[in-house]
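Per Swiss-Prot, the features are:
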type	residues	note
BINDING	Thr12, Gly13, Ser14, Val15, Asn39, Ser40, Ser178, Gly179, Asn326, Thr327	NADP(+) binding site
BINDING	Arg113, Lys204	phosphate binding site
ACT_SITE	Cys148	active site, acyl-thioester intermediate
BINDING	Gln175, Glu201, Arg234	substrate binding site
ACT_SITE	His241	active site, proton acceptor
Amino acid sequence: MSRVKVAVLGATGSVGQRFIQLLDHHPFFEVTHLCASENSAGKTYGEVMKTRWKISSDIPAYAKNLVITTPDPAKTKDVVLAFSGLDSNVAGEVEKNYANAGIHIISNSKNHRMDPTVPILSAEVNSSHLEVLTSQKTKGKIITNSNCTIMGVTISLKPLLDRFGIESVMLFSMQAISGAGYPGVPTMDILGNVIPHIGGEEEKAEIEPLKCLGKVENGKILHADFSISAHCNRVPVFDGHTVCVSVKFKKKPSREEIISSWKDFSGEPQTLGLPLAPNPVILFREEEDRPQPRLDLDTGKGMTTVIGRLRPDPILDWKYVVLSHNTIRGAAGAALLNAELLYKKKFLG
C-alpha cells in the first residue's frame with residue numbers, strides 16, 4: 001500500500017525536529033516536503049541542521065537531502081496532510097492557506113484551538129470530536145493538539161470525569177524549558193531558578209481541557225461543566241512537564257476506584273492498533289517519589305502518561321502528580337497519533 005505524502009511545517013524548530021524523528025520509516029506517511037523560514041529555504045535540511053539538531057538520535061537519512069521551502073501550499077501541491085510546528089505568530093494564516101488549498105493540517109499551535117469547528121483532538125480522549133470537521137467550509141480540514149501542559153492532565157481526567165463526575169480542578173505546573181522552543185529561555189533566567197509566569201499558559205490551561213473533555217451534540221462541541229484554576233511555572237528541566245493536580249468530584253471515589261479507572265483506560269488508538277498508540281495509556285506508579293522526568297519520561301516511548309502520589313486532598317477530594325513528555329505526547333507524538341487515527345478512519349481519502 002502506498003503511503004500518504006505529508007509535509008512538515010516549521011521543520012527546523014523543536015517540535016518540527018520531533019516530527020521528523022517520529023515520521024522516519026512510518027508505515028502510513030511519507031515526508032516529501034520540509035518547510036521553514038526564508039533563512040533556511042533553498043538549502044538541504046542536513047545543511048541547515050548541522051549544528052541545530054537537538055535530539056539525541058541522528059537526523060533521519062530521508063530528511064538530510066530534502067530541500068527546504070517556505071510554507072506555501074503552492075510549493076507542496078502533492079501532499080495530502082501537513083504537520084504544523086509553526087510558531088503561533090505565523091501559524092494562523094499559513095495553516096488557513098493550506099486548508100483553503102485542500103491540504104489537511106494537524107497543528108501544534110494555539111491559533112485555531114478555540115474555533116468551534118476545530119477539534120482539540122486527543123486521540124484516546126475525544127475521537128468523537130472529529131464529527132465537527134464537517135462544519136469547516138474548507139476542503140482541507142484543521143485539527144489541533146491541546147497545549148502541551150494539559151495533554152497529560154486531560155488524559156488523567158478523562159476516565160475520572162466519565163466515572164465519577166468532576167466539580168473543580170486545581171493545577172500547578174512545572175514546565176520544562178524545551179516547551180519554550182529553541183533557543184528558549186535565557187540561561188541566566190532559568191539556571192538555579194523557577195519562573196512563576198509563562199505568558200498565556202494559565203489561560204490555555206483553564207479553558208482548553210473543558211473543550212477537549214466536552215461532548216458533541218448536534219454537530220457542536222459542548223464544553224465540560226467544571227471549573228479549573230491553574231498556576232504555570234517554568235523550571236530548569238530539559239524535557240517533561242510535571243503537573244500537580246487536585247480534584248473535587250461530584251461522586252467521591254475511593255483510591256482503588258481512581259487507580260482502577262486509570263489502569264483500565266484506553267481508546268480508539270489502542271483498539272485500532274495504531275503504530276504510535278501507547279499501551280498502557282496511563283501508568284500509575286506506587287512509589288512515593290514518582291513520577292520523575294529523569295526516570296519516567298520515556299515510558300511508552302514518550303507517549304504514556306505517568307501518574308503517581310495519589311492521596312487525599314484536605315480542601316478538594318484527591319490530589320496526584322502527572323508527568324508527560326511535552327515534545328512527544330504533548331506535541332509531535334500526539335499530532336502523529338491523531339494523523340494515524342485519521343488515516344485508519346479514512347478521513348484522508
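Cβ coordinates come from backbone N, Cα and C, glycine included.
Overlay of Swiss-Prot feature records on the structure.
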residue: Thr12; record: NADP(+) binding site; DSSP class: coil
residue: Arg113; record: phosphate binding site; DSSP class: coil
residue: Cys148; record: active site, acyl-thioester intermediate; DSSP class: helix
residue: Gln175; record: substrate binding site; DSSP class: strand
residue: Glu201; record: substrate binding site; DSSP class: helix
residue: Arg234; record: substrate binding site; DSSP class: strand
residue: His241; record: active site, proton acceptor; DSSP class: strand
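When the neighbouring Cβ atoms lying within 10 Å are counted for each of the recorded positions (Arg113, Lys204, Arg234, His241), the highest count belongs to His241.
Put simply, Lys204 (phosphate binding site) is 15 Å from Asn326 (NADP(+) binding site) when counted between their Cα atoms. Closest to Thr12 (NADP(+) binding site) in space, going by CA atoms and restricting to the recorded positions Cys148, Gln175, Glu201, Lys204, His241, is Cys148. Within 10 Å of the C-beta of Ser14 (NADP(+) binding site) there are 23 other C-beta atoms, taking all protein chains into account. Fewest other C-beta atoms within 10 angstroms, among the binding-site residues Ser178, Asn326, are seen around Ser178. Max Cα-Cα distance over the annotated substrate binders (Gln175, Glu201, Arg234) is 10 Å. Within 10 Å of Gln175 (substrate binding site), counting CA to CA, the binding-site residues Ser14, Asn39, Arg113, Lys204 contribute nothing. Among the binding-site residues listed here, namely Ser14, Arg113, Ser178, Glu201, Lys204, Ser178 has its C-alpha nearest to that of His241 (active site, proton acceptor). Reported as a whole number, the C-alpha separation between the residue listed as 'active site, acyl-thioester intermediate' and Glu201 (substrate binding site) equals 10 Å. In the three-state DSSP scheme, Asn39 (NADP(+) binding site) falls into the coil class. Distance noted between the C-alpha atoms of Lys204 (phosphate binding site) and Arg234 (substrate binding site) is 15 Å.
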